[in-house]
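Below is one structure, written out as structure tokens; the observations come after it.
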Amino acid sequence: MYKKLYLIGILLLGLISGLTFNLIFFTVPYQLSEAKYTTDIIGSISLAAFPYCLKVIWSPFIDKYSIPFLCSKFGHRRGWALVSQIFLILAMTGFLNVSPCNNLYITAIILFIISFCSSTQDIVLDAYRIERPTSKEELSMAFTFSSIGFRLGMLLGSVGALYLSIIFGWNTVYKFALFITVVGPIVILCIKEPKPKEKRHTTTNLIGLQQYFEVIKKSIISLKNEQQYLLLIMLFVFLYKAADSIPMAMSSPLFLDLSFTTHEIAVIYKAYGLLIMIVGGALGGVLAAKMGIFHSVLIGGVIQLLSPLMFMILATIGYDIRIFIITVTVQNFCAGFAGTIISIYFASLCNSEFVATQYSIIASFSSLSRIILASLGGICAKYLTWPVFFLGNTLFSMLFIPIFYKIYRKKLDFVNISKKI
């Protein structure tokens, strides 16, 4: 039991990650909305989160470059984690001295730095939670704890931030966020450095452009030598995300069209929904540990189809608080359940010394898929009624099933992948 205490550390680091993520995507935009800033300005502030989509660019550097003294003293992963945490704390401290409503440009710059530091921490945490576990059961637990921590952080950064701002003001909200972030370096010092499955070749010399591309090339090749495998996996991930990404992107427009109040959306969808997502994520991790990757991914994908179906039912019935609660429950449970499982699947594909780079490549494609699906969904929703739109969403999402079996029949099966862990 003592050996698995690192899972608590992963949970706490996930919490910090979720808190800083929501700081950019929810807390600051909400404060600016209260100050009556226009949506275009609020939207432009959100561009500060761009590093989250571009982690793959500097993940090879994190895999290859060893920070003098820190990496030799604390280990490669912990050394990088300490650096990202220290700079994150400095950026959060600087943010305390800035009023977002009065200093938009400085706010955007500091948020960009926070985003860069937080996404760097995410790269290291992704690699840590893949390398540290010693069995596939522990791998599932590591991703489950990380998922729970991230969503708890999101809960603190949204509902918790709103209540604190009402009682104490926004400055106290950011002080609270800084206080939580300070826990990060302490956690990193308390957990052990993981032992990589393959020997890690690092350097203290800044890697050149040729070496940089060599790391990316080797990372992609080591995912799988057969190109067809990679293409099928990419198509599978794209279709798998459709049942979650489209309903999530279209949820607010649908709820407002059906005349649900802001209070109902905040309490039921934001607060209650996040708690249900945590439960779903935990159960998804347990299922993956018990049944393995192959069956878990299939079950998660099928259950996820209930999400757009419930949105279709809600859109057909109209305003009904009971159906609304059921829809939110189903959608968030499915998002947490399938989200944890697909993350574990991503981790199972990473099997070389370039774990951080490999996971960043896969996760970046997943994020890109979510953005594309949300954008396409918005265009389609403009020309269709809500019930027809979500019925189409359900049918489109079902296409992942034949792709899944296409992969299995070509011996690109998830069972063999899970045995590599």
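Here the Cβ of each residue, glycine as well, is placed from N, Cα and C on the backbone.
As written in Swiss-Prot, here are the features:
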{"type": "TRANSMEM", "residues": "6-26", "note": "transmembrane segment"}
{"type": "TRANSMEM", "residues": "41-61", "note": "transmembrane segment"}
{"type": "TRANSMEM", "residues": "79-99", "note": "transmembrane segment"}
{"type": "TRANSMEM", "residues": "104-124", "note": "transmembrane segment"}
{"type": "TRANSMEM", "residues": "142-162", "note": "transmembrane segment"}
{"type": "TRANSMEM", "residues": "166-186", "note": "transmembrane segment"}
{"type": "TRANSMEM", "residues": "230-250", "note": "transmembrane segment"}
{"type": "TRANSMEM", "residues": "274-294", "note": "transmembrane segment"}
{"type": "TRANSMEM", "residues": "297-317", "note": "transmembrane segment"}
{"type": "TRANSMEM", "residues": "323-343", "note": "transmembrane segment"}
{"type": "TRANSMEM", "residues": "361-381", "note": "transmembrane segment"}
{"type": "TRANSMEM", "residues": "384-404", "note": "transmembrane segment"}
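Highest Cβ pair count under 8 Å relative to the transmembrane segment (361-381), across stretches 6-26, 79-99, 230-250, 297-317: 230-250. Taking residue pairs at least 6 apart in sequence, the transmembrane segment (297-317) and the transmembrane segment (384-404) share three or more C-beta contacts under 8 angstroms.
No contact links the transmembrane segment (41-61) to the transmembrane segment (166-186), because fewer than 3 Cβ pairs that are 6 or more residues apart lie under 8 A. Here the transmembrane segment (79-99) touches the transmembrane segment (166-186). Their Cβ atoms form 3 or more pairs under 8 Å, with each pair 6 or more residues apart. Among residues of the same chain six or more beyond the transmembrane segment (166-186), those with a C-beta under 8 A of the stretch's C-beta atoms are 12-13, 15-16, 19-20, 23, 27, 31, 81-82, 85-86, 88-89, 92-93, 95-96, 100, 121, 153, 156-157, 160.
Long-range contacts of the transmembrane segment (104-124) within the same chain, counting only residues at least 6 positions beyond its ends with a Cβ under 8 Å from a Cβ of the stretch, are 13, 16-17, 20-21, 23-24, 28, 41, 44-45, 47-52, 54-55, 58-59, 62, 77, 80-81, 83-85, 87-88, 91-92, 94-95, 98, 184, 356, 359-360.
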